[in-house]
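Student: Found this in TrEMBL, in case it helps:
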- B:6-29: transmembrane segment (TRANSMEM)
- B:41-72: transmembrane segment (TRANSMEM)
- B:84-104: transmembrane segment (TRANSMEM)
- B:125-145: transmembrane segment (TRANSMEM)
- B:174-202: transmembrane segment (TRANSMEM)
- B:214-233: transmembrane segment (TRANSMEM)
- B:239-257: transmembrane segment (TRANSMEM)
Amino acid sequence: MTALIQASGLTILRPGGSETVLQGVDFQIRPGEIVTVVGPNGSGKSSLVRALLGHMPLAAGHVERKSGLRIGYVPQRVQVDTTIPMTVRRFLSLPLRVSDGDAARALARTGVEGLEARQLTQLSGGQFQRVLLARALLHDPQLLVLDEPTQGLDQPGIVAFYKLIEEVRRQTGAAVLMVSHDLLVVMRASDRVICLNGHVCCEGTPQHVSSAPEYRALFGAEAEGTLALYRHHHDHDHDHHHHAGAH
Amino acid sequence: MLDDFFMRAMLAGLGIAAVAGPLGSFVVWRRMAYFGDATAHAAMLGVAVSLAFQISIYAGTTLVAAAMAVTISGLVTRGQSMDTMLGVLSHSALAIGLVAISFVPQARSDLSAYLFGDILAVGRGDLALIWAGAAGVLALLAWRWQRLLTASLNEELAMAAGIDPRVERLVLSIALAVVVALSIRVVGSLLISAMLIVPAAAARGLSRSPERMVGNAVLIAALAVMGGLTASLYLDTPAGPSIITAAAAFFAFSQVFRRA
């Protein structure tokens, strides 16, 4: 299988400075794969995603996207200004217009059917994230990129959102690249985890990463929780074709 | 019909209203009110430049306003602290413009015409320029409508769709400069940004989609022009400020009947 995005030696500088945000990061994502990037605040997670999308200048390295790659993107902290009146239906038609049928189907797929006439600013946090996901799904993406998609959701909302992501992957076969800090839940939903802190600390199956010393050094007590989870529920390897650990 | 100064004034005002609706909506959506002010104030400097070099007021104000708009737009991209910077640029442009005009002897007497507009003195040539310019700006906004709207809503979403937000910002800056130049005879440098913001702000509360808001803003601006001009005729009040007063009345009214 050829990778959807292949990147090597990515180095990114802080805007206007010489300090590096990311140093020598290699990355790839293959069709149908769910890859999650975890890391502390300021570890360069969002910069990595934006570099992969081509929104950020590189100091070194290169990114190769499969030609004609269709990406559905949910950026971090989308804030819709109350000064713009915008219904859910109108939002789905930006920037490419879609038919009412396609809009309704996308909303139904993410569990927010019938919200077309609602103003974006009147949606709850969970509804808004699902509308963003519906919009990202509209043009039959081969890759979904979700940057902290569960920010502002409560615990049941987070669990339900990741279930939805897995379901979408199953139905559409789209690969998913997520940035997240919901360690416990994300570990369960991912095929591969990349632990980032300015560089790739460790990488591999959730099981591998959760027992890696680098990961545990970064996340401390929270990491113990995910490790315990894997000892109890995931002590089998269910994903044979993914290599464990680039370390 | 065009022989009547009042009819020419009315048509000039309606031309500005047609373009102030959509452009003013963008100014409100992108929180560019101060940006609009600075660009409009730069028009005074444009007037001074035009008089000094004896070029058309429209050309001079468009150039200087465009230079100001593009400068501010560049500063925004570099993430400077905008509030103070815009305050400095806006008022400096106005002050420098007023000082510069004082060196042009024949202009000193018409100062208030540039500050507050002189819509009743609009001639056929002005009228043709206003409508042609307005049509050009409307065509530009219509052409890039979906892209402008996406970039105004969220720059990351726009970039993901292959839209360069800097290009859309530049398009709006140029459109703003042209509208400022067209409006200087109608409402004057000091009230141009009011003409942009007040009808759009009034329309916000009455509209559930961006297109409705634009339509309502055009309607409100047109009613303000007609109401303000008619009032100024009967009450012998200054025309430009009367138009803005009428728009402000619509705004107050719209706050009572907010829907969304």
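Each residue's number is its place along the chain shown, starting with 1.
Using the three backbone atoms N, Cα and C, a Cβ is placed for every residue, glycine included.
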Student: For the transmembrane segment (B:174-202), I need the partner stretch with the highest count of C-beta pairs below 8 angstroms, choosing only from B:6-29, B:41-72, B:214-233.
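Tutor: Looking only at B:6-29, B:41-72, B:214-233, the most contacts with the transmembrane segment (B:174-202) come from B:6-29.
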Student: Check the transmembrane segment (B:6-29) against each of B:41-72, B:84-104, B:214-233, B:239-257 and return whichever range has the most CB pairs under 8 Å.
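Tutor: Counting Cβ pairs under 8 Å, the winner is B:214-233.
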Student: Which residues of the same chain, at least 6 past either end of the transmembrane segment (B:84-104), have a Cβ under 8 Å from a Cβ in it?
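Tutor: Sequence-remote neighbours of the transmembrane segment (B:84-104) are 34-35, 37-38, 41-49, 51-52, 68, 71-72, 75, 111, 114, 189.
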Student: By Cβ distance under 8 Å, which residues at least 6 away from the ends of the transmembrane segment (B:239-257) in the same chain are close to it?
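Tutor: Here the qualifying positions are 9, 13, 116-120, 186-188, 191, 194-195, 198-199, 201-206, 220-221, 223-225, 227-229, 231-232.
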